[in-house]
Amino acid sequence: MKLSKRIENLPPYLFVQISKKIAEKRAKGEEVISFAIGDPDLPTPKHILAELCKAAEDPSNHRYPETEGLPVLRKAMAEWYQKRFGVKLNPDTEVLPLIGSKEGIGHAAWCFLDPGDIALVPNPAYPVYAISSQLAGAEVFNLPLNKGNNFLPNLEAIPQNILSKAKVLWINYPNNPTGAVAGLSFFQEVANFAAKHNLAVCHDGPYSEIAFDGYKPVSFLEADGAKDVGIEFHSLSKSYNMTGWRIGMAVGNAKMIDALRRFKSNLDSGIPQAIQLMAIAALNGSQEIINQNCAIYQRRRDRLVESLRNIGMEVTAPKASLYIWAPVPESYTSASFATELLDKTGVVVTPGTGYGTAGEGYIRLSLTVPDEQIEKGIAKLAGYKKSS
């Protein structure tokens, strides 16, 4: 049997590889503390689960759902955006529920790119932006994110011959993996740049509700003209501890939303209706869970930053997101340092190069680790310092 070239050329997904390494270590009876994957360990709030249980017993929710989501869910999503960001959305034309935002991100390339087009993709970045673009037959032009520019892309440095073929610009703030944030002035620059060069902007914003020290991230759609040029992907996964329930949204430009809707309707059957109803409970109910989450993650951030500094690493505490982006010691590469930590301490981190070539020299640590495990990891890191 011969597989398609697109599959033959598809690299293994980064986090699948990491999970395999962890499983191998644990199968040998070794203790492993993993800071590798950003999957909240905190439970879904009880009032949200109660709505799911209630909805699951209703036979009307046992049938095929509507691909574009329940009207009442789209309305709840639009109202949440209005309350949170002051952004007004038409729930019928500018809101599309997704089976997790990753699904929409993966589909976007097929909606907005043809073979030979160019996608402008930050580097380092969540791997799906580049992989989905390549699967759709497009070329990827990397936009380096570096500390000197606060991990923001330099749009003016993009060559004209690239811009003439570029169709999509990906951005992501608060950022994964760097933890960087972007203000409204940057989003305004992006909206103006996209309008000038006829680009479709795809902003991935699932970490807007994970922020520290009183910081409040803004939405790309708050920029003037943003809805004319782009959409924003959001997720309930990180905000309400719902990664396992797979529900997110795309909002913004009506033409782009309609393209995603048409694509989805031909490939999937939508989000299970009971999960849509639990999402409504999350969006319409108390938002105190967000404050509670942020307090927990901030405490973890502070402990991890302190421990990394104690072993000689120059770490900046992130203002938002679930990640610490830490430069590795001199004489190490991202991969060699991550490997040494795993071999000598049993602590798993993600090498920065897993997110692109510009991630060289860094590792990423996630805050989605129970406090007890964090303390064990910190003890292991302290032991590493003594032995090195």
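Every residue gets a Cβ built from N, Cα and C, even glycine.
Of the residues proposed, Tyr64, Tyr81, Tyr207, the one Swiss-Prot records at the same pyridoxal 5'-phosphate site as Ser101, Lys102, Tyr126, Asn176, Ser235, Leu236, Ser237, Arg246 is Tyr207. With respect to their backbone Cα atoms, Leu236 (pyridoxal 5'-phosphate binding site) and Asn176 (substrate binding site) stand 16 Å from each other. If you compare every pair of Cα atoms in Ser101, Lys102, Tyr126, Asn176, Tyr207, Ser235, Leu236, Ser237, Arg246, the residues listed for pyridoxal 5'-phosphate, the longest distance is 19 angstrom. A gap of 21 Å separates the Cα atoms of Ser101 (pyridoxal 5'-phosphate binding site) and Arg364 (substrate binding site).
Using Arg246 (pyridoxal 5'-phosphate binding site) as the reference Cα, a 10 A cut-off selects Lys102 from the recorded positions Gly38, Lys102, Lys238.
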